[in-house]
Amino acid sequence: VPTQRLCGSHLVDALYFVCGERGFFYSPKPIRELEPLLGIVEQCCHNTCSLANLEGYCN
């Protein structure tokens, strides 16, 4: 799965594409309580993320 760096309006556009009518939020849902949570900017702009990562921010 290709990953890419998404920042600013590119990140918002990608979220609209992936989440559609479900909408999205900027803090991830914790998968495990001990896992440190990265915000979407840290995950997808400072680093790279995939469409699957983005889907974790959909409502």
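Every residue, even glycine, has its Cβ placed from backbone N, Cα and C.
These numbers come from a predicted model, not from an experiment.
Note: Swiss-Prot links CYS49 through a disulfide bond to CYS44 (candidates: CYS44, CYS58).
The most crowded of the disulfide-bonded residues listed here (CYS44, CYS49) is CYS44, judged by how many other CB atoms sit within 10 Å of its own CB.
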